Every structure is written in structure tokens, then in C-alpha cells.
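Chemist: What follows is a single structure, and I will ask about it in a moment.
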Amino acid sequence: MSSQTVLVTGGAGYIGSHTVLQLLLGGFKAVVVDNLDNSSETAIHRVKELAGKFAGNLSFHKLDLRDRDALEKIFSSTKFDSVIHFAGLKAVGESVQKPLLYYDNNLIGTIVLFEVMAAHGCKKLVFSSSATVYGLPKEVPCTEEFPLSAANPYGRTKLIIEEICRDIYRAEQEWKIILLRYFNPVGAHPSGYIGEDPRGIPNNLMPFVQQVAVGRRPALTVFGNDYTTSDGTGVRDYIHVVDLADGHIAALRKLNDPKIGCEVYNLGTGKGTSVLEMVKAFEQASGKKIPLVMAGRRPGDAEVVYASTNKAERELNWKAKYGIDEMCRDQWNWASKNPYGYGGSEDSSN
């Protein structure tokens, strides 16, 4: 079990790098492929340092999944037990402006990956999907049985890939596929050595908050303070990235269950936290005041979204351990040690 070799696409990214570290510490061998479009090879070097005696079980190849020949070479030289597929563009706003870029990158890259996997007899897959596939849910908590819809091209790429996975399994039952729908990943490894380092303008709340805290931005813009929530701001299910990484290890182990076909699991905490509650927790963790600018709601933003985690707890034997105080503590630890992310200087900030 412990000497399994796993291909991790997008393994230099935020969630990918944290998952690769947990894989190595769990005794797995990891081969990372990443085109470094929205990530840094520094993350891979730091994962190796954190992995200590397991560092030799990690190798990295810079490649784009759409490059079939390069991917073929990797599969020809290594026998993979399974694949964790993170790679993809993930900025909701950018996907609305550049839909073809998202369909090309996310869908074609995935199809090439699946074809090469099939050609080499590797049919175990963990796919990183997203709670965006629930669209604007009419009620909460979101269960895995909720109707699926997507409000933007990014979400649609996730939804289409989920459908491709279900179709592949229906066509060939020897595939074993787990789709993980993440909610809102935040935090960083407790060492403060790896974390989220978005290129350009962040897409998510916490990188914005941390950039205000370290002086890279003057204030945090809060989109919508007239929702029917406790303080008027949107409510989301924030999950610590280390919990999320552990969820992937649990999913990999579940692929060995002979009863698994194509299964879906939510990965969240099952608790909703408002934007203002999250900001307050970060202020307490960092000792910094976060100035706020109130703005109107963004079109397509849901009011309240949080996960039902019962299925993952029951079938994966996985449950999130960390609360928002630990998430903010670790986010600040990373931000204060790496105010400009992996770039290390102001010119990496846009």
C-alpha cells in the first residue's frame, strides 16, 4: 500500500503542494507535473525540504497536459497506481472574460490525461472538483445529491469533467474515480513554508485579507453587506488546506475499495462563516486591523453555501479537524514569513 506511486497534476499549486507533502509523509511516491502558469517551482523545493527523509520520493516535470508526447513519456517511464488531477485554470472572473482559454486548458488537458491514463492501464483517479458545481443552491447544507449547475465557465469546466468521469465509468467499469467537491480552501501548512501565492489579483477572500495585512493593499473590498445573514455578508464553508490535503489521502485509500465506481464527496467543515467573521478571526490571529470598503453584491454570488460532510465522514473516514482560528493563524504565519509569496519581493505583486 505505502509504496504506491501517484501522478499529481498541478502539484505545484496551492492545494496540490499541500497534498503532495501529505502524500510523501504518508509513504507514497509522488510525480508532479505542472506547467507553472499559476504556481511556482519554489513550492516543490520547499515541499522536499518539509518532507525530510521522504524527499527522494518526489520528482517534478514541467509540462502542460495538452502536450500528449511529453505526458506519454512520463507514463512510459513510470508505472502509476493512481492519479490526482488538480491542474487547471481557476479564476472565476477571468473565466467569464476568457471562456475559450478555460475550455481549452481545463477540458483538453483533462481529455489528453484520461486518454494517456487509459492507454497505460492506469484507471484510478481522484479529481478535484468544486462546490461551484452546485451553482446558487436553494438550501443548505449542500449534499452530494443536489442538482448541478454552474454560474460561470470555470464552474462549467468542473461540471463537464465530472460528467466525463461518470461517462467513462459507465463505459468501462474497471475505472475507479472519486470526485472531490471542495468548498473554500484557506490557511497554510503550519510551518509557514508553503501556502497560497496567487498571481495577479486574488480570486478568494483570504489572499486579499493577507495582502492588506502585510501592506500590499490599502483595504479589503467586501462585496455585499445586505444579505439576509447574521451580519449581512456572504457565508461560506472555509476549510483548512491541510484538512483538504488529508481528504485526498483518504480518497486515494478509498480507491482500493472493490465497491468503488465513480463516487462524489464534499470536502468542507459543514459550518458556514461570514466574511466579517473571517476578517475578525484574521485580525485576532495577526494583531492587524483590516480596513474595509463596502461594495455592492457581485452578480452570481450565492448568499450562503456550506457543505453536508456526512458522506465523507461515513465513507472516507475523514473529518476536518481545524477551525477558523487555526486557519487564520496558519494563514498569517505564511503571510508574515512570505509577504510577497514565493517571489520574495515586491515585483511579484500585481
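Including glycine, each Cβ sits where the backbone N, Cα and C put it.
Swiss-Prot lists these features:
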- Y154: active site, proton acceptor (ACT_SITE)
- 5-36: NAD(+) binding site (BINDING)
- S130: substrate binding site (BINDING)
Chemist: In this structure, which of the binding-site residues L21, L25, V33 has the fewest other Cβ atoms within 10 Å of its Cβ?
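Modeler: Comparing Cβ neighbour counts within 10 Å for the binding-site residues L21, L25, V33 gives L25.
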Chemist: Could you round the CA separation between S17 (NAD(+) binding site) and Y154 (active site, proton acceptor) to a whole angstrom and send it over?
Modeler: 21
